[in-house]
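A.B. asks: Mind looking over this structure? Questions follow.
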């Protein structure tokens, strides 16, 4: 149990302590004073429980967003300017407002995104990201803006590396990061010059547009408007009053929580002496997470961030005296100074510390976190603690009565337990400099390089005599036990041994096996991988030290020593791609219409809507069991909490039947009634005066269950025959004949994990009941307003015409808000109807992941027949999808996977069958690609394995079997405008693929522990809803007297640029400037009976509907244009109005020709196919499983692009999302509880800024005719198709693993599961280290985690 989880106020001793504390601090001040965006703020009455983010949003500064509440996504980033107690200089710190307690900003200047600019007068950072297409959904954008702003305030001329690393605490799910980095690099001193004209400089040699160091030249080619200058002299000044601010000791709070803020060490020690259990808080980077997600009660809390004595440091001849509360950012700079002072040998401890800090959390965390926080929390995976132990650092603890020195090797006593006396504080650290003959290195491996917790880390130190005999050693590991531990037997063994004797290495490896004899079911899982890392780290360390000794050069393999280091990323796009078909507006690149609003924080999302006076906040009561009967629900304790208003459940619905929902099958309950079938299933909802009180009420509801057996995985479902009643199949040709004619029959099993949507804006809803006729207005973050409307009508017992479902914009959707948003909206509406008051609810990240479903995990058992030339003859496959506990859209997802099982390959005889497994997990749902990526992944997997079996290059196998123009698919659709073979050839040539392939082969011959791999992957993705009735759209276009145009259509804007494209279509059709066309929102009372915004068809459907409406208006205006040939739209509209001409038009469109019949295998499945080809190159570290994408070259056929900037953004974003799907993003369930474990950015890893390809080139197909494409502008849908291109990285990793395995004589064909995590990469390498580290389960033993 974490410290503080037990309420200390229950004991008499604690009550005495509180009384003594109150007496001690009775003269403390109770007022917080700070500046906010240049304005002085004085708070006399402060809620002690709110964070800085809650305060900011509460006063209407909603530009700062809540994305995760754990400091892992950066959406809440603000800048806190203050006089740094360590450096004595002004520092502008990017900070996670979701974690920062309000007490921490006393005496400081808080700057939010609204404070630096607005749409009319944007800051250069805001404007450049906007016009550089660096904002799509925009929810993450304010945080990204503020991270870059902080960098520039501290360093107006940052290096390209500083720019690239400035965003390590920020995530974006839409853009693929490339355009953000391109815009950001325009500020760098090297790339496009802090002194270039764009930055207010004079230009000069290499300052106007030239690039160096491989940085992108993208920014020089951006379309106008050009970047505005960045002028440091116009920035918000640090308020002069704050330079004179007197930091007074503070105390404020209430019965639930009280804060104390001492301003010197003596005051802190006094507090600890009278109340030893008081919780000390510095950065609050772990404490706030425990408060938010574990309901920890830390009362009282003591903020220690403003105590100068704890923020100081000094150098002596042989050690660094470090104040324990120095920020980790300052510690990085101190390490630089230490290295300069002590030299390379003496500075080794500080090199090790800085190395660990580089990948320690994000910059926002490092700006406030401290060594003391690391030590006091005693995390077993802390990156710093092993270094402190290995360097024999001494911890200095102080209390009122004594000063205690504790060697770090004696500090950790157990899980989250230390030797720190209860009444003492960690005052400082004495870190020794390195000594002659001493060698120290630090290592870390995590799922993602930047901003990730360690799987295993280590700090390894040896001291050698002049004859290279080991005189002392510290081999210290994190992630291998319940605390930071030393490998005792290995340490004892190595002392006295001659380091250069090869038997020393083998002896230590043997001892490490014994020291870390992990069990298969070890908590945290990954037993084989963790043990392998422990040995691999020492193996690398041993050779690194050896390279510094006088040994034979042949004994040194630099390849073992070198770790993967990224260069500055870059990328190119072809901005002339649309020149041949550009019109006045259509075809020209232009930024997202809301980009500047998003970059300035003025764009409004659902939870940004101002609160209503009598509004209530909801919090669902969720099942904690995967399967069980509900015996009793006791809400009494919850209803007794002050601020709790009501409890809502199934009894508040108009009828029992109103509780059922789902598309297409109504098999899911809004509220569980008698039993639960998954953890995270809603049982009821608490309504309260605030979100925090509602959460407390939800936790107070007591539910009694009778547990039932749970089925979690596909394999378990197959074993017990648990399926939904859906049996799609496609049969073409005769597979029996195909297999008879085959020279080779190859079988395999391919598995692919799911994927969390991780839209930055979680599911959110505001339900507003009206006083008449049961009317209700619903603001929902949904892709499906019409279905939302229908189910709100159902749960409130009124007709649909009484319900208005509205959407302004979504902070990302990706399919996760197509159906799953309805659950939240209906529950909020039920509550609002009951209490007749507005109800607001934005899910916490963990709630969202637990309730909203994911991409379906898939498993495929396949058999392929092929002749000796490599020609595919037959495919027979059974495909299984994990649907979860209800069907949702799983049937359609399975169907689409079957239609994409051919990839781009002509297989004459095919029989593929799909089943949807019914399990006790969250109901899986739509996700960008909707089964298509799974089907194509199976195709490329069997192609790769067949090539290995036949020993032919997979690139050749693809060409042999690739469809040709006019061929038909296995569902008998002719391929028109078929350009995959052409693009395959172009990408091969433009990326110099074969030359690089040869270079990779040479690299792999000369590198034993580092391998590179390449792959070139094609795609075709069918565009249309497979449900025929959904392929329709409506639009309404108004022309007003002043010539302005208002467009409404059925699609929702979620970052994909749909509104941008629709305004362009309308402006082109009506011959008006783009600035005269506006889209306000999507609403069911404006355009009715809409289809969900999905299937990559929204531009096609809504675009033609808008065009249809505009054509009607053009017909009505035609006589006036003939009479007034040079008239403006204002003049035309004015004249037409007075002639009583209708200036509103209702447009409609339905997709022609389509209509496939399942089973009969006839009719046209898709309107067309969007196509693409991607080549990727990666490098893997076979000692650790670490990897990096070196390069990606993407070419997509999107027809005649409506807006190339929008399409490029969709391609880049989809590719990186696909890369995440196939590499870093692994969803895990806790086997014992059946609950999902990966509930937030702390343990679910989407790609970050430094995970994108180091060279990231994107182009669109041009100079071809699209003779058969009958879409608006002859464009193709682009939202989903590029996602599968991310698999090129996976197959490049597989290619590198082939080389690694071959080196050790393993020629067995590799069946690599997706995602290819560092764990899977490492344990697939088949080297002697992993072989000796492999952990085998004992009889009946199961893994700690399970992938479903």
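Note: Cβ is positioned from N, Cα and C throughout, glycine not excepted.
Pasting the relevant annotations from TrEMBL:
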- 1280: active site, proton acceptor (ACT_SITE)
- 68, 73, 76, 98: [2Fe-2S] cluster 1 binding site (BINDING)
- 137, 140, 172, 174: [2Fe-2S] cluster 2 binding site (BINDING)
- 783, 814, 928, 1095: Mo-molybdopterin binding site (BINDING)
- 30-116: domain '2Fe-2S ferredoxin-type' (DOMAIN)
- 252-436: domain 'FAD-binding PCMH-type' (DOMAIN)
A.B. asks: How big is the gap, in Å, between the Cα of residue 68 ([2Fe-2S] cluster 1 binding site) and that of residue 140 ([2Fe-2S] cluster 2 binding site), rounded to a whole number?
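C.D. replies: Per the Cα atoms, residue 68 ([2Fe-2S] cluster 1 binding site) and residue 140 ([2Fe-2S] cluster 2 binding site) stand 11 Å apart.
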A.B. asks: Around residue 814 (Mo-molybdopterin binding site), how many other CB atoms lie within 10 A of its CB?
C.D. replies: 31
A.B. asks: Starting from the Cβ centroid of 68, 73, 76, 98, the recorded [2Fe-2S] cluster 1 site, name every other residue in that chain with its Cβ within 8 Å, sequence order please.
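C.D. replies: So the extra residues in range turn out to be 53, 65, 66, 67, 69, 70, 71, 72, 74, 75, 96, 143.
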A.B. asks: Between residue 1280 (active site, proton acceptor) and residue 814 (Mo-molybdopterin binding site), what is the CA-CA distance rounded to a whole number of Å?
C.D. replies: 9
A.B. asks: Please spell out the DSSP helix, strand and coil residue counts for the domain '2Fe-2S ferredoxin-type' (30-116).
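C.D. replies: Across the domain '2Fe-2S ferredoxin-type' (30-116), the residues distribute as 15 helix, 29 strand, 43 coil.
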A.B. asks: Tell me, how many other CB atoms lie within 10 A of the CB of residue 172 ([2Fe-2S] cluster 2 binding site), whichever protein chain they belong to?
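C.D. replies: Total other Cβ atoms inside 10 Å, all chains included: 32.
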A.B. asks: Do you see any of the binding-site residues 73, 76, 98, 814, 1095 whose C-alpha is within 10 Å of residue 140 ([2Fe-2S] cluster 2 binding site), and which ones?
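C.D. replies: So the list is 73, 76.
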A.B. asks: Just give me the nearest neighbour of residue 137 ([2Fe-2S] cluster 2 binding site) among the binding-site residues 76, 98, 814, 928, Cα to Cα.
C.D. replies: 814
A.B. asks: In whole Å, how far does the CA atom of residue 814 (Mo-molybdopterin binding site) lie from that of residue 174 ([2Fe-2S] cluster 2 binding site)?
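C.D. replies: With the alpha carbons as reference points, the distance is 9 Å.
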A.B. asks: Taking the centroid of the Cβ atoms of 783, 814, 928, 1095 as the Mo-molybdopterin site, which other residues of that chain lie with their Cβ within 8 Å of it, listed in sequence order?
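C.D. replies: What remains near the Cβ centre is 813, 815, 816, 818, 926, 927, 930, 1093, 1094, 1096, 1279, 1280.
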A.B. asks: Find the average pLDDT over the domain '2Fe-2S ferredoxin-type' (30-116) in the predicted model and report it.
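C.D. replies: Across the residues of the domain '2Fe-2S ferredoxin-type' (30-116) the model's pLDDT averages 97 on the 0 to 100 scale.
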A.B. asks: What is the interatomic distance between the Cα atoms of residue 73 ([2Fe-2S] cluster 1 binding site) and residue 172 ([2Fe-2S] cluster 2 binding site), given in whole Å?
C.D. replies: 8
A.B. asks: What whole-number Å value do you get for the CA-CA distance of residue 783 (Mo-molybdopterin binding site) and residue 98 ([2Fe-2S] cluster 1 binding site)?
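C.D. replies: So the Cα of residue 98 ([2Fe-2S] cluster 1 binding site) lies 27 Å away from that of residue 783 (Mo-molybdopterin binding site).
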A.B. asks: Taking 73, 140, 1095 as the binding-site residues to compare, which has the smallest set of other Cβ atoms within 10 Å?
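C.D. replies: Counting other Cβ atoms within 10 Å of each of the binding-site residues 73, 140, 1095, the minimum falls on 1095.
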